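Working notes, structure below.
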Amino acid sequence: MALRLVLGRAGSGKTRLCLEEIKAILAEGPAGPALIILTPEQATLQMELDLHRAAGVPGFSRVQVLSFRRLGWRVFQEAGGAARPHLGEMGKAMALRAVVSAHRDDLGLFAPLAGSPGFIEQLAHTIAELKLYRVTPADLDRILERYRETGREQTILARKLRDLALVYRELETYLAGRYLDPDDYLTLLAGRLPEAAFIRGARVWVDGFNGFTPQEEAVLQALMAVAEQVTVTLCLDPTLRHRRLGETELFHPTGETYHRLRQLALAAGVRVEDDVCLAGTPPRFREAPALAHLEAHFGRWPLRPFRGDAAGIRLVAAANRRVEVEAAAREILRLAREENLSWRQMAVLVRDLEPYHDLIVNTFRDFNIPLFIDRRRPVGHHPLVELVRAALEAVLEDWAYDPVFRYLKSDLVPVPREEIDLLENYVLAHGIRGRRWRDSRPWQYGNSRDLETPSPPGSAAGETINAIRERASCHLRRFDGALRGRQLTGREITAALFDLLQELGVPERLAAWSRQAAAAGDLDAAQEHEQIWEGLMDLLEELVLALGDTSLELEEYAAILDTGLESLKLRLIPPALDQVVAGTLDRSRQPELQAAFVLGVGEGVLPARLPEDATFSDREREELRAAGLELAPTGTLRLFHEEFLAYLALTRSRRYLWLSYPLADAEGKALSPSPLVRRLRQLLPGLREETAGTELPGGDDDLVYLTTPRQAAGHLARLLGRGRPLPPLWQEVYRWLHQDARGQKMLGLLEGGGYRNQVDPLEPELARGLYPRPLRLSISQLETFAGCPFRYFLSYGLGLQERRLYQVDPAGMGQFYHAALKLFVEELGRRGLDWGRLSDNEAAAIISQVVDSLAPALQHEILSSSARYGYLRKKLEQTLQRVMEVLNEHARRGEFRPLAVETSFGCRGKLPPLQLDAGPGRRVFLEGRVDRIDVARRQGRPYLRVIDYKSSPTTLDLTAVYYGLALQLPLYLRAALDAAPELLGEAAEPAGMLYFAVRNPLIRQRGPVGKEAAARLRRQELKMRGLLLDDVEVIKLMDREIAASPDLLPLRLNKDGSLRKGAPVAGREEMALLLDLALARAAELAGAILSGRVEISPYRRGQETACDFCPYRPVCAFDPQIPGSGYRRLGNLPGDFWQLAAAFLGSQMKG
């Protein structure tokens, strides 16, 4: 029984000494007492590999490489003592939550925090620390008693200790005799070690530790008392072992460990052998003088500069983290290719992995560098975790849209994603949730947008949706049925969840994913899919152990399980032997490195700016220490120990050290280098600091960019994008890519350098198949094409439509208004009422009746689905009431009366279509729906006007008509005039075309306004706007009071009865010219459609563009900055509109 301490600075050969000793013992004979190597858990695999190489034998059974926990498993297996169920960290957190919930009324300071996010985790962390340092509830009581004696029982610290003692004691009572707390594992191990026969006479080497917790120290003390010899290696300058080191000294952590171990051995009556001191220049740096100097003088003051060349050390300042990682990846590739280093001989080290993880993974994948990230893998993103969370949330939130489709899109529900997408569109369009999911009756909703004649349910599409719904929801419905409306225990809820996972075939699906990932070479993903099921089952088992017989509300169960899922992490092992390992300074263990890449050497990162503990402040820790309660080091001491971590990082490799730091973060905020950088410059004056920027290649150092074909092609594409001649080197790269099979796959990137965002016209055959003859078009489709041909192609050629949602959008409101105004006119006809004699009260009553009849048909009773939509219903009715007051005034003051409302013209309409001649063999039927066609007679001759309802004030823009962007009103009037013989039995004259805004305008006035004045102001705001026939008498048929009250139409009369200058009117010939122009422009646009034009060519008029509110921007990716992809600019007309219109028609006639 003896303790031996092996001391040496970094690289002095401590691990090598242990392995050589084991090799020598094995050479004497394979049989004998156990040889045990005790290492940190994350280092066991590496140690086994190093042992295999050092021993030089194919295998051995006498040597065991163990961590503390694995040692415990071996001891308990032989000596017993751990028969109770092992409660893991997650199970303990669940038990702690139950304890806190049961004793919440007894808590003081912690009571208001008990339900806060993260509180249970922090409390579990604190109790774990207490156990780690062998502090019992009785120890806390002892400190509290001192506080009471000194009248300090109401201090914050005393109140914390009181609550901690209460929770700690109750947790111990809860677990006692039932479960084994993971934080008691090492304490129990220390007690059982003497009873383990394989330890007696064993030789133990403890390597890779810089310090031990009191629990680990107790295990080591027990080992010393049983084993033949315990050898502990410490990274400590042997010359410093005879004195206690100050907290700021470099080797303070290991110096304290050295003295503690000697005290433990003496206390146990164990002989302490002479220290093995490994002095002199560490063997690791014999071929690297600069690294040797750095190791020897890093922690010494005053600094001694190195007079030689700083060969093997590079210091790089990078523009940002992405550039930093790319520069490191290029150097790793160079070392592998030119220096013949294997991947495993290089490692990437960071103090904080979080900001670098994704950058390292993505960059190394792009550079084809095999990589293993050394960390416990969080799995909150995994589909299985998402499935479990979503299933519970779906039941809790009564089948709300979000959790239901998160569940379905986990890819663990046996329904194809295409069918889930169809189901999702249907659910969103019809607002389905809650009992409508759980109801066994089929869904029956029409899909028509026509409020008056909705499409019948029960169609083939409806049957398909119901079949998908059944397959998608049947398992979740059974799960819901097992949980809803019942008081259940944790065991019963867990059983229902397990049944759901089994019914879905989750284990089989995960196994298949694992096989697929392995076949594709993604061994990390294969391990993840393989381990996640086991991890979840362990978590559920712990939950049942901790809370199986406890009655839980489902919400509480879900919160507890979610806490466990958040902390669930997988322990992946490197899937291959030859990989670059990336990890944190305090975790990674790679002793035989040839090159170390230390990234992120920034201020506040290395040394790290450590957060203060949430339970005990540094001042409180010092106070407890003075009272005899030893806990984890204070933040100040941990900050001093960061220096030691930095020392280990800088001395990890034999030949090559890369240090880098970013100058800015991802948002461009400036970052500063670590103070270590300044010290490095002082220690190594010959070290030249390099920069890695974001500039494009094209200079003297371009060879560094030729790392992989993919990377070279990417840089080449950026150079081509400059539009300048390529430098000679890159011309060679371009030629190589064209000639090499691998390089040809990268040509798509090269073409990006000369990218032009344009689409070729459709082939004639394809255009004929896409647009059947004769082509039927609506006027809005023509206007869309005039705005941008590609938008027309996507919307009407390919049929891409925005997803319909269960909401009242502007289109739905417009639909409602149109239907209400139509029904109003029809109700007048049914009752035989003259609109001109109708009072506002009578009109309001009819409108109210119309709204009552239409409201249920809008989006499947959406207006009665919530209080918010109930309020919207009132606003819709109020708007219609205001609008009707103005329309009533029109009827009272004019002779025009509705002849037809919401009347369709087209092949299947009430009126015949407009026929267009779009070229030889290209007949086009133009279809549409006119909101209102009004008629009045003068001297026995009928006059027609058309009215188009809009949601906002709109005027007839003749320039927009000329360009084909506003054809509706002229073509509506043309369709009405063409249909006049059918409607009236005789031809009719055009009276005008008008827009009417259906809205409830907000009138701003400084003072109070009377009822009549307010009505007049509303009429002025709701004036009809458009183009009227230049005939005062016809205009008076619309408003006989226009001379006195010009508040209905967009014009005024002079005192002599003539029209004022600038009035929007046109003579009969001009009106006919306008209608002919609109028809000719429509024919031209229709011809372009049939010709297959689909170019991305949005118009721009002033600040208005076709891209405004266009839903297809993500599809076309239009960017006016790309050469050749600018807007099609439409300016003001270069002359008189009527002359230009006549000229256009003349050119069309000649063509």
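One is the number of the first residue shown, and numbering goes on along the chain from there.
Glycine too: its Cβ is placed from the backbone N, Cα and C atoms.
Taken verbatim from Swiss-Prot:
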- 1-273: domain 'UvrD-like helicase ATP-binding' (DOMAIN)
- GLY8, ARG9, ALA10, GLY11, SER12, GLY13, LYS14, THR15: ATP binding site (BINDING)
- 282-578: domain 'UvrD-like helicase C-terminal' (DOMAIN)
- CYS788, CYS1107, CYS1110, CYS1116: [4Fe-4S] cluster binding site (BINDING)
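Sequence features, as recorded in Swiss-Prot, placed on the structure.
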{"residue": "ARG9", "record": "ATP binding site", "CB count, 10 Å": "27"}
{"residue": "ALA10", "record": "ATP binding site", "CB count, 10 Å": "19"}
{"residue": "GLY11", "record": "ATP binding site", "CB count, 10 Å": "24"}
{"residue": "SER12", "record": "ATP binding site", "CB count, 10 Å": "26"}
{"residue": "LYS14", "record": "ATP binding site", "CB count, 10 Å": "25"}
{"residue": "THR15", "record": "ATP binding site", "CB count, 10 Å": "24"}
{"residue": "CYS788", "record": "[4Fe-4S] cluster binding site", "CB count, 10 Å": "26"}
{"residue": "CYS1107", "record": "[4Fe-4S] cluster binding site", "CB count, 10 Å": "18"}
{"residue": "CYS1110", "record": "[4Fe-4S] cluster binding site", "CB count, 10 Å": "20"}
{"residue": "CYS1116", "record": "[4Fe-4S] cluster binding site", "CB count, 10 Å": "19"}
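In the three-state DSSP classification, LYS14 (ATP binding site) falls within a helix. Cα of CYS1107 ([4Fe-4S] cluster binding site) to Cα of ALA10 (ATP binding site): a span of 64 Å.
Of all the binding-site residues given, namely GLY8, GLY13, the one with the smallest number of surrounding CB atoms inside 10 A is GLY13.
Between the CA atoms of CYS1116 ([4Fe-4S] cluster binding site) and LYS14 (ATP binding site) there is a gap of 64 Å. DSSP gives CYS1116 ([4Fe-4S] cluster binding site) a helix state. Taking the domain 'UvrD-like helicase C-terminal' (282-578) as a whole, pLDDT averages 87 in the prediction.
A separation of roughly 67 Å, to the nearest angstrom, links the Cα atoms of CYS1110 ([4Fe-4S] cluster binding site) and THR15 (ATP binding site). Of the chain residues outside the [4Fe-4S] cluster site list CYS788, CYS1107, CYS1110, CYS1116, GLY787, PHE790, ARG791, ILE1096, PRO1098, THR1105, ALA1106, TYR1112, ARG1113, PHE1118 have their Cβ within 8 Å of the site's Cβ mean position. Taken residue by residue with DSSP, GLY8 (ATP binding site) is part of a strand. Taking the C-alpha positions, the distance from LYS14 (ATP binding site) to CYS788 ([4Fe-4S] cluster binding site) comes to 74 Å. A Cα-Cα distance of 74 Å separates GLY13 (ATP binding site) from CYS788 ([4Fe-4S] cluster binding site). Each residue contributes its Cα atom, and for GLY8 (ATP binding site) and CYS788 ([4Fe-4S] cluster binding site) these two points are 76 Å apart.
THR15 (ATP binding site) and CYS788 ([4Fe-4S] cluster binding site) have their C-alpha atoms 72 Å apart, to the nearest angstrom.
The ATP site, placed at the center of the C-beta atoms of GLY8, ARG9, ALA10, GLY11, SER12, GLY13, LYS14, THR15, has further neighbours from the same chain whose C-beta lies within 8 angstroms: CYS235, LEU278, PRO282, PRO283, ARG284.
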